[in-house]
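Colleague: Swiss-Prot feature annotations, pasted as is:
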type	residues	note
ACT_SITE	His435	active site
ACT_SITE	Asp439	active site
COMPBIAS	172-189	compositional bias 'Polar residues'
DOMAIN	92-167	domain 'Lipoyl-binding'
MOD_RES	Lys133	N6-lipoyllysine
REGION	167-243	region 'Disordered'
TRANSIT	1-85	transit peptide
Amino acid sequence: MMMRAVIRRAASNGSSPSLFAKSLQSSRVAASSPSLLSGSETGAYLHRGNHAHSFHNLALPAGNSGISRSASLVSSTLQRWVRPFSAETGDTVEAVVPHMGESITDGTLATFLKKPGERVQADEAIAQIETDKVTIDIASPASGVIQEFLVNEGDTVEPGTKVAIISKSEDTASQVTPSQKIPETTDTKPSPPAEDKQKPRVESAPVAEKPKAPSSPPPPKQSAKEPQLPPKERERRVPMTRLRKRVATRLKDSQNTFALLTTFNEVDMTNLMKLRSQYKDAFYEKHGVKLGLMSGFIKAAVSALQHQPVVNAVIDGDDIIYRDYVDISIAVGTSKGLVVPVIRGADKMNFAEIEKTINSLAKKANEGTISIDEMAGGSFTVSNGGVYGSLISTPIINPPQSAILGMHSIVSRPMVVGGSVVPRPMMYVALTYDHRLIDGREAVYFLRRVKDVVEDPQRLLLDI
């Protein structure tokens, strides 16, 4: 039926059957030539689902200008359809969000490290994701040119989310970019007259409201708010980072869940500081790391936890879980927020191993390269606010732990020693604990053990 209609239309245009046959034959040749669809060898196929449709049967008379325009329209349409299909055959690859750890389900796309059109190498970072704990890089799966980003900065993404399309060859990228720009130019052309038509309508509405503006109520309201305007102009509103949100949530949950109580004591740092100054050079020559005060407090905390195992325990529902291991978390303040890496097996480490672990974890935390596994777990936390000059504080428990030890600055104060008043380097220490699980007696005994070990480190050698 369609063939008869075409023959009748050709006859009505004054062309003979022989002429139509020639035009039909020429149109078939034109349809099979590469000029109709660049990039195809024998013809264009459009894949939809599991079916392939050939366009060789679009025979168009060469003498008809209207049909020629239709042919060009079909050609341009097929070109746009084939490009995404060719991308699926291996011309492009997709960069996706990697696995971020068992305890992290999503993150925020913090920033793009590359721009569309830039060339990237395989495994080169193109974007960064900020999670509750660490910052993770999204790497390019192959070398090529970034065609486009599929998400925006600030979007919440999950593992497997497609972030960018990367073209393996520059030719494919150059073919896609013009097709993406065409709809932008066509969309922008009709918009100006529409805006021009809407402008007089928008202007007409305020004209009617203008006489109502200079009424008596507005002036007193503005005069009342005038003193508040200058402070607002000096304010800055910055969205919270994922890490800051997570820290805020966990600390508030800790405050709402635990029965927090803090007990204090003071420690004479004379002997520990003397030990450090006496052996710091030999310690560095042998172990390649400086001897600090933190390792002495870690060893003292381990000894106190072994004497008071309930401080190392945790409440789980109606049960108490006693941990037979000691994993010490250390609070590290960074420019992005507070992170708490873990010294695993601290009860089996010596001073050198503890110092090396602390330096390594602190360096990774400040550089933002610390992994999630290095911050997971922990049975007890030690926080040193003394490095910032804190004299005394009440630290908050890091859940799901039950206690935290707070160190503070060393201050020379007059103390009575042997009946005489002498200056001594003193430090206040604080233990915040969950009073649901830990009684005051255990908390005081814990701090007394820390005090005894720090003031007389030889107790560790004799195990007394």
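These residue numbers are counts, starting from 1, taken along the chain as shown.
Cβ atoms here come from the backbone N, Cα and C positions, even for glycine.
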Colleague: Given a separation of at least six residues and a C-beta threshold under 8 Å, show me what packs close to His435 (active site) in the same chain.
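Modeller: Counting only residues 6 or more apart in sequence, the Cβ neighbours of His435 (active site) under 8 Å are Phe258, Ala259, Leu260, Leu261.
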Colleague: Comparing the recorded positions Lys133, Asp439, which residue's C-beta has the most other C-beta atoms within 10 angstroms in this structure?
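Modeller: Max Cβ neighbours within 10 Å, all protein chains included: Lys133.
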Colleague: In whole Å, note down how far the CA of Lys133 (N6-lipoyllysine) lies from the CA of Asp439 (active site).
Modeller: 32
Colleague: When secondary structure is assigned with DSSP, how many helix, strand and coil residues does the domain 'Lipoyl-binding' (92-167) contain?
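Modeller: Secondary-structure breakdown of the domain 'Lipoyl-binding' (92-167): 0 helix, 38 strand, 38 coil.
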